[in-house]
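Taken from TrEMBL, the feature active site, proton donor/acceptor applies to GLU186. Residues or ranges marked as active site, nucleophile by TrEMBL: GLU262. The annotation domain 'Glycosyl hydrolase family 59 catalytic' is assigned in TrEMBL to 39-337. The feature domain 'Glycosyl hydrolase family 59 central' is assigned by TrEMBL to 345-376. Residues or ranges marked as domain 'Glycosyl hydrolase family 59 C-terminal lectin' by TrEMBL: 445-619. The signal peptide annotation in TrEMBL covers 1-24.
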Amino acid sequence: VRMIYKLSFAVALCFSLCFDLCIAESYVLDDKVGLGRTFDGIGGLSGGGATSRLLVNYAEPYRSQILDYLFKPNFGASLHILKVEIGGDAQTTDGTEPSHMHYENDENFFRGYEWWLMREAKKRNPNITLIVGNICLPWAFPGWVGHGKNWPYDFPDITASYVVSWILGAKHYHDLNIDYVGIWNERNFDSKYIKLLRYTLDKSGLERVRIIASDNLWQPITYSLCVDQELAEAVDVIGAHYPGTTTVIEALKTQKKLWSSEDYSTFNDEVGGGCWARILNQNYVNGLMTATISWNLVASYYEDLPFGRDGLMTAEEPWTGNYVVESPIWITAHTTQFSQPGWTYLQTVGHLVHGGSYVALTDSNGNLTVVIETMVSIYLPVHYISDGSFTLSLDVDEVYTLTTISTGLKGTYPDPPTSGPFPKVYFDDFNVANPSFSEAPDFADQTGVFEYYINLTDPGPHVFTLRQVVTQMPVTWATDADQTISIIGDYKWQNLTVTCDVFMETVKTGGVFIAARVDKGGQSVRSAKGVFFWVFADGSYKVTNDLVGKTVLAEGLSGTRAYGWHTLTLTVEGQYATGLLNGYPLWKDAVVLGPKNGWAAIGTHSFELAQFDNFAVEAK
């Protein structure tokens, strides 16, 4: 990526520029024919799968440096938009995010890290646009919202109230004004819910909050808007996911703003950066989309989960402090540092004859920014600038910004610490009286939600624990496991010992496990294999080779019961595994069928309350 080429001339309010490529190739930038659509910005998406999970565990100053590269104006990506997930207690791609309402009579607006992230973004850029999505693809809802069904729209008043309560909580508890809420419907488009949401927002004093629909595909929302005036008045933006830079004629006819409300989802190397450059230009050139939002914001989740390193930058090692400012950060800066929401595209934008594209934007006050990408083979020979025209040569697979703006900066910090693996010796007693975040460091919940818990009824050593709190299968588009599970550590771990104190809260049917060599998470969590050491409230134990518990390696009586603490120890060495209960051998030399490596984990037999304490790992 060639960073930034500045033009050194003043541009009058009415301008006509021409740049020549090769022989007889002329491209005119002219506002005499009128202006195009208003630019709404470029953003990143934190969520749709717990994608910022590890970011909060970074120590200072590295965490603030990462945030600066994402949000600080005229420094790095300088994002104009931040979109976050309303946690739904469910697997939504790479993990779960906690709901503000686990249960119908429960409200807590300090769970998770999205509140913190929005505050940090606003601290750096007070003008950043905040968007929330509750069911993009869809994301998820707690089970009570669906009243036992895996669908949130049979009771639209409950669903609308749930979403609005989150937006109200953002303002009341965090002084965050949410600008847009995204809506998506997986089946037949539900215009009734959108109208009800608009009504509920207005009734709650949230008239300023706008609605993006369908936050998935151009149809059927576009058709519905054309035939339903009340719906058209409720919807402000038509959002599409991964539109391939194109739209449909019917969407243009609505005169609504068109956004690529989720895009990119590509490995963040140089090739991924090129893909992002092409998307940012051609979403407008081909589809007249005035905002583009990357999934995801920052690759801050275990890389061996699905879609590893699909963020604008990488921050997956809070234990070392290492992070990497990847190519897409600077690709983003080519546009964000030299144009702002409210600027206007020229109508004279388009494709280069030999491949690539160009866009031009103006603030209508004499400033002009031109962004050119050559992400396909192109031969182009800088000559001169005079009389409002210029000739320049463009290399293959590069991005150029030509601008009258002089405030851009390729920000930099000293190199972060060297990359390194997860510590081989790890311990957490969860003794945090006032935790900054509801999740324990480095645990990545894959089904269920594991939160810090203060057990005020326990005067002993287990006052501060980690508790699994989801008691009902959530409304989810991804396939959660029937068991809850949270992973941690190094995916390359082979031989290790895992120890944890466990406390079952469900009589007779309750069950918990610790595990090693867990090989899958994210949307594939149901098929996870590894070595799982279970104990149950009916006084039995089981060792299985899979999360679902079908491949049994050993089983028998344990004497375990609910409402009592037990210490489990699992050692896996080569092809054999051994388990201790309260320090005494319970089973040994179970033959491990595979896999050869994977994460450590804790979890429960079903969606049930259970507590964990004094978690430790020692890997060889």
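Note: Cβ is positioned from N, Cα and C throughout, glycine not excepted.
Could you place the listed features in the three-dimensional structure?
Every protein chain considered, the tally of other Cβ atoms within 10 Å of the Cβ of GLU262 (active site, nucleophile) stands at 26.
Mean model confidence of the domain 'Glycosyl hydrolase family 59 catalytic' (39-337) amounts to 94 (pLDDT, 0 to 100 scale).
Note on the domain 'Glycosyl hydrolase family 59 central' (345-376): residues 7, 10-13, 15, 17, 21-22, 25, 27-31, 33-39, 274-275, 277-278, 280-282, 284-285, 290, 334-335, 338-339, 394-405 of its chain, located 6 or more positions outside it, place their CB under 8 angstroms from a CB of the stretch.
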Could you count the residues of the domain 'Glycosyl hydrolase family 59 central' (345-376) that DSSP puts in helix, in strand and in coil?
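Taking each residue of the domain 'Glycosyl hydrolase family 59 central' (345-376) in turn, the totals are 0 helix, 16 strand, 16 coil.
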